[in-house]
Amino acid sequence: FSFFFFFFETDSSRSSKTFKPKKNIPEGSHQYELLKHAEATLGSGNLRQAVMLPEGEDLNEWIAVNTVDFFNQINMLYGTITEFCTEASCPVMSAGPRYEYHWADGTNIKKPIKCSAPKYIDYLMTWVQDQLDDETLFPSKIGVPFPKNFMSVAKTILKRLFRVYAHIYHQHFDSVMQLQEEAHLNTSFKHFIFFVQEFNLIDRRELAPLQELIEKLGSKDR
């Protein structure tokens, strides 16, 4: 293909190594209980069931807990391949030859900039962490309501986290296989995709770079 799809942003020691500090959900909180519930249902092996909203639970809270969990998972997965994702190996942030991403966060960088994959992912993960740490967006205390724009913020976070998966699959899957982490990556991505599909959180067009893989993963679970 000779054409590109550009995605412009305008809206506002290996396995133990994480790329950014892990975001912890406070023990004893309701969100911590939800996380434990999610882990228990994941253990059953039925991912379609594991992503469903538990009976009687708040949708915003369920999405918040899972968004934090996906951030931590992607953080760890990317952390294992940072030595292969360099300014030299990945001078642009791409997901195969047809998809290139330019960074803007709407506040510090308003006009989309072209940058290397490691730089882009650093911007992206720092931005996500800032959102997760913002108590007005992601309240951790019981009884504090979620803001009206929570769902749109969560959708933007998940859309951007997807791009890290897309970059890893397209540019670094050989390294993932060398490290024997493909099962971990596939399970994490499958969980992520089933989750965003269950609640319709990412536009289909955004998922295009991994559409074939998404269809393959989904067909195994029908």
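Heads up, the Cβ atoms here are built off N, Cα and C, so glycines get one too.
Where the annotation comes from TrEMBL, it is an automatic prediction and has not been curated.
Record features, source TrEMBL:
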- C85, C90, H167, H172: Zn(2+) binding site (BINDING)
Listed in sequence order, residues with CB under 8 A of C85 (Zn(2+) binding site) and six or more positions away: Y78, A117, P118, I121, H167, Q171, H172
Count of other CB atoms lying within 10 Å of the CB belonging to H172 (Zn(2+) binding site): 23
Chain-mates of C85, C90, H167, H172 with C-beta within 8 Å of site centroid, Zn(2+): I81, F84, S89, A117, P118, I121, I168, Q171
Other CB atoms, at most 10 A from the CB of C90 (Zn(2+) binding site): 19
Cβ-Cβ neighbours of H167 (Zn(2+) binding site) (radius 10 Å): 26
